[in-house]
Amino acid sequence: MKNKFSAYLELTLAMFIAGSSVVVSKLLVQTLPIFLTSELSLITALIVLIPLTFRIKKELPKIDKRTMLMLFFQSTTGVFLFRILLFFGLKFTSASESGLITSTSPAIIGILAFFILKEKLYLNRILGIVFVVFGILLINIYSLFILPSSNVNFIKGTLLVFLAVLCEALFSILSKKNDIQIPPIYRTTIITIFSTLCFIPFALHDLLSFDFTNLNTTIYLSIGYNGVFVSVISYILWFKGIRKVDANNAAVFSGVMPISCILLSSIVLREKILPIHIISLIFILLGIYFSCSNILSGATTRR
């Protein structure tokens, strides 16, 4: 019982931090160039990850070329492309709405698993996908007809954030298809190194035209938070928690992400939370629940 409680606490904190990352990213892209923002956050993460990796160096296995190539693909989809699309999307849409869209990842993974991994789509996942799609449509329809002055930029932002979710889902599918038996910290460090290298030329271009003297303490703290808490601590918490509960139970905690994002968007960014956001959140949470549960799934009777 104690193990389960600690697991639930770790998973809740991991997803709360994941939700906060959207809010912090929104804060950063309002001041810093996108590529420079990502590079500084990743470098901060490496400052923490590399010493942690050396602490477990005796346990580190040798990595062949095929595995290294797969880790590179995971870094380009799950970090490089994900961050570019999310950060550009945040320029056109609010943090709360972006948080709702990014929380749809479990349903998107279910769709990709059906096409790429040939996994069966049980009724629970179909229901989950329907609820998630309906939740996203509600936000877009509201913007299109109720807020006509901003609908073009909003839909552009929504599309970019949704493409970011697709990249994140592809990262998960690649992880599932190619089960890489290396410690999570080591794996995270390698992926972060690859991602840092990918961002270098673009970040240098941003750096040439950016004046750091205009930055305040809040921005520096946000960069540190993105690097340490989002890129390292949330990952460690998630993997510690997931070892103590089954995958379906763990996945349900992804519902914490949109809740934390909406709450923090209101508190930190002073974004107005509309009734349509709450209604969309309810449908998306139902979608996550159905996508991650064994209810109405043949998975409970098959091995």
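Cβ from N, Cα, C; glycine included.
What TrEMBL lists as transmembrane segment is 7-28 (among others).
Positions annotated as domain 'EamA' by TrEMBL: 9-140 (among others).
Counting same-chain residues at least six beyond the ends of the transmembrane segment (34-56), those with a Cβ under 8 angstroms from any Cβ of the stretch are 25, 28, 79, 83-84, 87-88, 183, 185-186, 188-189, 192-193, 195-196, 199-200, 202-203, 205-207, 210, 223-224, 226-228, 230-232. Under the heading transmembrane segment, TrEMBL lists 34-56 (among others).
If one looks beyond the transmembrane segment (68-88) by at least 6 residues along the same chain, the residues whose Cβ comes under 8 Å of a Cβ in the stretch are 22, 25, 28-29, 34-35, 37-38, 42, 98, 102, 160-161, 163-164, 167-168, 170-172, 174-175, 178, 180, 187, 190-192, 194-195, 198-199. Annotation comment: TrEMBL describes 68-88 (among others) as transmembrane segment.
Here TrEMBL flags 100-117 (among others) as transmembrane segment.
Annotation comment: TrEMBL describes 126-148 (among others) as transmembrane segment.
Annotation comment: TrEMBL describes 154-173 (among others) as transmembrane segment.
Per TrEMBL, domain 'EamA' is recorded for 156-291 (among others).
Taken from TrEMBL, the feature transmembrane segment covers 185-204 (among others). Beyond the ends of the transmembrane segment (185-204), by six or more residues, the same chain brings 35-36, 38-40, 42-43, 45-46, 49-50, 52-53, 56, 60, 63, 68, 71-72, 74-76, 78-80, 83, 231-232, 235-236 to within a C-beta distance below 8 angstroms of the stretch.
Within its own chain, the transmembrane segment (219-238) has Cβ neighbours under 8 Å at 10-11, 13-15, 17-18, 20-21, 24-25, 27-28, 31-32, 37, 40-45, 47-49, 52, 184-185, 188, 192, 250, counting only residues six or more beyond its boundaries. The transmembrane segment annotation in TrEMBL covers 219-238 (among others).
Note on the transmembrane segment (250-269): residues 7-8, 11-12, 14-20, 22-23, 26-27, 94-96, 98-100, 102-103, 105-106, 238, 241-242, 277, 281, 284-285, 288-289, 291-293 of its chain, located 6 or more positions outside it, place their CB under 8 angstroms from a CB of the stretch. For 250-269 (among others), the entry in TrEMBL reads transmembrane segment.
Residues annotated as transmembrane segment in TrEMBL: 275-296 (among others).
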Six or more residues beyond either end and a Cβ under 8 Å away: which residues meet both conditions relative to the transmembrane segment (100-117)?
19, 22, 86, 125, 128-129, 131-133, 135-136, 139, 158, 161-162, 164-166, 168-170, 172-173, 176-177, 251, 254-255, 257-258, 261-262, 277, 280-281, 284, 287-288, 291-292
